[in-house]
Amino acid sequence: MTTAPDPVKLMKQAVAQTAAARVTSGAVVGLGTGSTTALMIQCLGERLAKGELANIKGVPTSFQASVLAKQYGIPLVTLDEVEKIDLAIDGADEVDPQKNLIKGGGAAHTREKVVDALADLFIVVVDSSKLVDQLGSTFPVPVEVLPMALTPVMRAVTRLGGEPQLRMGVKKDGPVITDQGNMVLDVKFAAIPDPAELEKTLNNIPGVVENGIFVNLAKVILVGELKDGQPSVREIS
């Protein structure tokens, strides 16, 4: 008895392959974090191994991205070693019609925002379930917080109408700790009518390092979809 392929995985694989095909030889590539981006990193490594690509350099946004890139033979550099990033490819937890994003399900949004903002072209790879009419519809806003400021930041976001919850680890006791050594609050808002304003307001709270709202950064959204049971990719630009 054969198991039917997972439709979500099929969509992610299709969009990962499409994104990896956008990378050209000699490019400096921002390597995002997450399940879809992990597949894209694998596709990049396969293109390198086949000789379809040469002399690319990756800028990882997390420990996970770094490990995967090394596993698939992608040379890595830091921001100190490059003058620019040609393109960044990253996932998202939500995408609204204006191409604003919520990111940070992998607790890597601080580094992701740095790398994605520096890229000449920021490509977002998602499956169709991540498209929403308004940010905050299905996913809370991740907020990275200095550990000593956790309590006052929770009070501040509550005054803004948010419902903060400390993200706890899986397969470990205690909270999730970011690559920077900080904690993450997942903040649920009833509505986010102005993502740009909320992004600024959250970042102005003392003790907040960065939040997962990304405004005016994404240039292209590649959406994995199923049509008649077959995976396809739709571009929003």
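Cβ from N, Cα, C; glycine included.
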Name the one residue among Lys57, Lys130, Lys171, Lys172 that Swiss-Prot lists for the same substrate site as Thr33, Gly34, Ser35, Thr36, Asp90, Gly91, Ala92, Asp93, Lys103, Gly104, Gly105, Gly106.
Lys130
Neighbours of the substrate site Thr33, Gly34, Ser35, Thr36, Asp90, Gly91, Ala92, Asp93, Lys103, Gly104, Gly105, Gly106, Lys130: Cβ within 8 Å of the Cβ centroid, same chain, sequence order.
Gly32, Thr37, Val126
Could you tell me which three-state DSSP class Ala92 (substrate binding site) falls into?
coil
Would you find the one among the binding-site residues Thr33, Ser35 whose Cβ has the most company, meaning other Cβ atoms within 10 Å?
Thr33
Using a 10 angstroms cut-off on Cβ to Cβ distances, just flag whichever of Lys103, Lys130 is the loneliest among these binding-site residues.
Lys130
Based on Cβ atoms within 10 Å, give me the single least packed residue among the recorded positions Asp90, Ala92, Gly105, Glu112.
Gly105
Just checking a number: largest C-alpha distance across Thr33, Gly34, Ser35, Thr36, Asp90, Gly91, Ala92, Asp93, Lys103, Gly104, Gly105, Gly106, Lys130 for the substrate site, rounded to a whole Å.
15
